[in-house]
Amino acid sequence: MSREKRERDGSKDGMPEEKRPRPQLASVIVEAVKMDCMQKLCSTLEPLLRKMVGEEVERALTKFAPPKVGGIRSSPRKIQGPDQQNLRLQFRNKLALPLFTGSKVEGEQGSAIHVVLQNTNTGHVVTSGPEASAKLDIVVLEGDFTADDEENWTQEEFENYMVRERDGKRPLLTGELSVTLKDGVGTLGELTFTDNSSWIRSRKFRLGVRLASGQCEGMRIREAKTEAFTVKDHRGELYKKHYPPALNDEVWRLDKIGKDGAFHKRLNQANVVTVEDFLRLVVMDPQRLRNILGNGMSNKMWEGTVEHAKTCVLSGKLHVYYADEKQNIGVIFNNIFQLMGLIADGSYMSVDSLSDSEKVYVDKLVKVAYENWENVVEYDGEALIGVKNYQAKGFDSHTSDPFGGRNFHSQGPSLNHQNGYTHTNYL
């Protein structure tokens, strides 16, 4: 009975049919919600889209239309002036290495260190505009500073590799820590490291330069960095080798000879104290020098030490050993006792200009000179009479004995042999 009544009332599940939601009404509600969300989204995106479109239009107009003089509108700052995205700082020369704490930072061969502002596209120095007279800061960087894009790292990447002093230490770099460009070129002043580089992860530093704060705002100029280098404690400078060595340097300044080491002690005991002493023995008696150094010095070490010594700049001193009391004939040596030539009857003859028979006699005379070195006369190169004006010539071919009866065929070491003291062997 109740079932029939529900069926008459038009309700199968107990709910009046007029109260059930109709399918058409639900669709309308969903569409209304979607429309409302879309309007909100459009209203949110509209300002952003307007700005983007405006900037693109303005950029396009700037490329194809000349700027209006005195007009109200102006181009955005980042496209004013030169191509700011292609400017960079660059070190013009390399540093003199090695570097020590407390010592002045210099360029190669003691030169000043220069930094320039370049146009990256052309490589030319930028000599005009406010950027060409900008102030720069000099900073210390980690030695392992490398960027994903080595041609255009970001300012943030550069700053992330800057190094500061250790806690409780003095500023890592002291001196003139800024430089001002003049026509795009700057010269670094005196700089000194106060700490070595052994405590950072790469164990090396780099010098860097960047725009000082407040300079050329809104302009991107890529910073500069040097090659990585080691800074050693100043105590290491006491043991530094010299390139090239000086004649009066102690002999341990040569490669492979350590200060107060075994080689150094053996040489000092043999009165080989300076580089000049070492070179003289190389010329006069290389085998004796090898015996002094002993078996601990290999052939490779020996060659390296001798080659380093040979880079030494010689003085202008000359030595002459005369074969007779009248000083008509004599052999000339430089300050390390290396044979240079012969004086005969007021003329100078180089070793290369002598005949084979003449070389035999000269070779014997050289041996006598070495054995009687106390009789050798020392001259300043400028003071030796006419030595610069001597005409290089050989002996008269018609004279069988140009030395007045001396035996040309006397036995003696030949200049053609590698006996260690000939001019050609040394060079």
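Every residue gets a Cβ built from N, Cα and C, even glycine.
Annotated in TrEMBL:
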- 1-24: region 'Disordered' (REGION)
- 1-21: compositional bias 'Basic and acidic residues' (COMPBIAS)
- 87-234: domain 'Calmodulin binding protein-like N-terminal' (DOMAIN)
- 246-312: domain 'Calmodulin binding protein central' (DOMAIN)
- 317-379: domain 'Calmodulin binding protein C-terminal' (DOMAIN)
- 406-427: region 'Disordered' (REGION)
- 408-427: compositional bias 'Polar residues' (COMPBIAS)
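Computed over the domain 'Calmodulin binding protein-like N-terminal' (87-234), the whole-number mean pLDDT of the model equals 92. With DSSP states grouped into helix (H, G, I), strand (E, B) and coil, the domain 'Calmodulin binding protein central' (246-312) comes out at 41 helix, 2 strand, 24 coil. DSSP assignment over the domain 'Calmodulin binding protein-like N-terminal' (87-234) gives 14 helix, 53 strand, 81 coil.
As a summary of secondary structure, the domain 'Calmodulin binding protein C-terminal' (317-379) carries 22 helix, 25 strand, 16 coil according to DSSP.
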